[in-house]
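Swiss-Prot lists 39-65 with the feature compositional bias 'Basic and acidic residues'. Positions annotated as compositional bias 'Acidic residues' by Swiss-Prot: 66-78. Residues or ranges marked as phosphoserine in Swiss-Prot (evidence: similarity to another entry): S143, S279. Per Swiss-Prot, the feature phosphothreonine maps to T180, T266, T275. Here Swiss-Prot flags 1-79 as region 'Disordered'. Per Swiss-Prot, the feature repeat 'HAT 1' maps to 384-416. The repeat 'HAT 2' annotation in Swiss-Prot covers 418-444. What Swiss-Prot lists as repeat 'HAT 3' is 445-476. Sequence annotations record features per position, and here Swiss-Prot assigns repeat 'HAT 4' to 554-586. What Swiss-Prot records for 588-620 is repeat 'HAT 5'. Sequence annotations record features per position, and here Swiss-Prot assigns repeat 'HAT 6' to 622-654. Under the heading repeat 'HAT 7', Swiss-Prot lists 689-721. The annotation repeat 'HAT 8' is assigned in Swiss-Prot to 723-755. Under the heading repeat 'HAT 9', Swiss-Prot lists 855-887.
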Amino acid sequence: MNKKKKPFLGMPAPLGYVPGLGRGATGFTTRSDIGPARDANDPVDDRHAPPGKRTVGDQMKKSQAADDDDEDLNDTNYDEFNGYAGSLFSSGPYEKDDEEADAIYAALDKRMDERRKERREQREKEEIEKYRMERPKIQQQFSDLKRKLAEVTEEEWLSIPEVGDARNKRQRNPRYEKLTPVPDSFFAKHLQTGENHTSVDPRQTQFGGLNTPYPGGLNTPYPGGMTPGLMTPGTGELDMRKIGQARNTLMDMRLSQVSDSVSGQTVVDPKGYLTDLNSMIPTHGGDINDIKKARLLLKSVRETNPHHPPAWIASARLEEVTGKLQVARNLIMKGTEMCPKSEDVWLEAARLQPGDTAKAVVAQAVRHLPQSVRIYIRAAELETDIRAKKRVLRKALEHVPNSVRLWKAAVELEEPEDARIMLSRAVECCPTSVELWLALARLETYENARKVLNKARENIPTDRHIWITAAKLEEANGNTQMVEKIIDRAITSLRANGVEINREQWIQDAEECDKAGSVATCQAVMRAVIGIGIEEEDRKHTWMEDADSCVAHNALECARAIYAYALQVFPSKKSVWLRAAYFEKNHGTRESLEALLQRAVAHCPKAEVLWLMGAKSKWLAGDVPAARSILALAFQANPNSEEIWLAAVKLESENNEYERARRLLAKARSSAPTARVFMKSVKLEWVLGNLVAAQELCEEALKHYEDFPKLWMMKGQIEEQEELVEKAREAYNQGLKKCPHSTPLWLLLSRLEEKVGQLTRARAILEKSRLKNPKNPGLWLESVRLEYRAGLKNIASTLMAKALQECPNSGVLWSEAIFLEARPQRKTKSVDALKKCEHDPHVLLAVAKLFWSERKITKAREWFHRTVKIDSDLGDAWAFFYKFELQHGTEEQREEVRRRCENAEPRHGELWCATSKDIANWQRKIGEILVLVAARIKNTF
């Protein structure tokens, strides 16, 4: 039997084996195996199946859906580049080679993922941080407000109302459950009458009384109320006021007992009891848990390393901050035992202890550290008596005689004579201290001071301050010729001793000398070091910057010395002479300016501006003949110079020498016939009332200079003055044909048409001007104002919007736009204007006017100052500033504005030019024009 048994019996069939397939046998199924056919609506055998699985049809649908889910080959799941999104072979068998391929792909993916992992994570981190910055969490947005909750007091917390829940309030809180306490007046009235009332007056129920019997027993006998005493008639009334007084008396008795106690430091001041309690509240802002952690950590540090001074100091300060001062003192005293050689621990102990105890601590510290300067200084600070301080410091100097700090502290307490004696000993003990040598030199006489400084130079040959002090000493005693030698010798000696000459440090020393009044020393230092370490081609630029820096530091003599040295090196540079002249004009005297200008024109005779500055200085001083002689010399050096001709004409006309001015202009027209010369000729005749001569000169000038717009303007204005509207219109039109880009000509023609009532024509002229001159703020501004003056505010606002689109950076337009808005919107408009034109004077002036209109006087004055500082040439800003000070300032403030305006000599501004160029005001000074313009301003903005 065993021999016939096949070896494969009982073994598992190989993979893919089908029984009988080798001999051609195939499996089949008969209907009897399946059973009779069933309808789709027939129930299945499982009668407990859930809905959707109870019929044969449901089972078929489910199996069909499962087959469909195997492979989703719909067009929506197909991509032209990647193919089907799902796996096409997901329904196939998953074999070993598939598993191996998946493992290889997974390894590749992992390898590729690790290649740039750090860079990718860094980028993702930065993106997340950027996202969090742009869109912070609500928690982060309110973090600063949450910090402020620490400032809320307990009373404010208690006063915060409960939020509650308003939903279903009627159902949750029915009216019959509301209890109302009986007022004291009810009991008082009841006791007075001595009667038992078991009902309430209807009027009391009407005004918040009881509609139902009180649950506590008002209709029934009150618990304890019917016993003899409270409800007994005539037993007296319940006085709440006396109960309160008794309670206060009891509190006073207790506080008196405590205050009378002398058994220790528990004596309490009854009046300051609550104040003392408030002062005992810890002032730290940390969390209690954080303090506990810090205390444990510091305790661990102290135990592991008890000889580490910072651990004891930190522990004491932690306890001090938390309000446990005695614990802090105990800790730091323990620290002095463990670290007796630590200065910091002893000083901290002295700081924490009260006065007398601190002195004892310092005395103990001195025994352990007899060479500690800081402890001696602290000991002197603890003494209140000057004699005691001196005694402590002298004792300290016996132990530490080479301490400069101790010598300085001791000298400060002495009288001058004693200080001199002490300093003579100090320089012996500390021969390398420059401060002690200089202090001794200041206290000595002139001869002794020279000896002291010589000794100081021998002991400290590398310090520049000794040399500078020696120079100042010689200057103070009138020996100015030695100052230059000392400074030169100082530079030589310091270089010989290997000291690098630091130019910036020497300039700072010179500025200090200037502020101390040592002018000669300051100038000598500047001359000695100004050229050190500078390339030859950079000298002029660097020196001008140095001069500006000195002026900014208010070291005027230093700046004057720099200019003098620069003029020696560059005697023919007009720009240097000009800078020096402007410096003398702003910070010097008239005499120094004129002396400088005389030297300037001698070196630069072709510089017209220097001649003109000299002539103007003489004219302003009232010396007209000297001004004439300067201009005569200027004519010799600059023949046919237009500027000098016109300056001479102005000089004569301002001094009412009209015939001389006419002759000068006639000569100028023949020798230097320029457009400006003709214009000044017309202007002179016009202001003198000779309109016929002015027109003739104007016609003659236009034959030669027809493209000069000011001549056409003057011709039209003269015609307007004579009320010849047609001729004026013709003059303006002819001028615009020759000068189509002249904005003032367009404005004059438009205003002429508006003046005669031709609003439509004026509007058309401005539209035409804007077409020929695009992006011109002045034309847009006039168009807006034209509509506003006509009462068409909506059209004016629309035009302003278009103007700001075309000229978004025009300060003139933005300043006008602010006041076109209604009052509530003006502040928003001003913010927009400042964003676009932050440094435009017109916008700053508009903001100042806005604050003025809101009666914010301080802010308005600040913005006026900003405006005139940014552009001092804007006359309108000065006029508004002066008007503001007339209404809200003092006499000194008004005079200050007027003085600054006269120094600035403004030439621009709409209101300013309209007044200053008026024929009636042609001889007015700057201050007079300022008053006239301010009078024209109506602060109705």
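Note: Cβ is positioned from N, Cα and C throughout, glycine not excepted.
Keep in mind that what you see is a predicted model, and the values were worked out from it rather than measured.
Remote same-chain residues near the repeat 'HAT 5' (588-620) are listed as 560, 567, 571-574, 577-578, 580-581, 626-627, 630-631, 633-634, 637-638, 641, 643-644, 647, 651, 654 (criterion: CB distance under 8 Å, separation of at least six residues from the stretch ends). The repeat 'HAT 1' (384-416) scores a mean pLDDT of 82 in the predicted structure. Remote same-chain residues near the repeat 'HAT 4' (554-586) are listed as 507, 510-511, 514-515, 519, 522-523, 526-527, 530-531, 539-540, 543-544, 546-548, 592-593, 596-597, 599-600, 603-604, 607, 609-610, 613 (criterion: CB distance under 8 Å, separation of at least six residues from the stretch ends).
Counting residues 6+ beyond its ends, the repeat 'HAT 7' (689-721) has Cβ neighbours under 8 Å at 673, 675, 678-679, 681-683, 727-729, 731-732, 734-735, 738-739, 742, 744-745, 748-749, 752, 919 in the same chain. S143 (phosphoserine) counts 11 other C-beta atoms within 10 Å of its own C-beta, drawing on all protein chains shown.
Taking H, G and I as helix, E and B as strand and the rest as coil, DSSP gives the repeat 'HAT 2' (418-444) the counts 22 helix, 0 strand, 5 coil. For the recorded site, S143 (phosphoserine), the DSSP three-state label reads helix.
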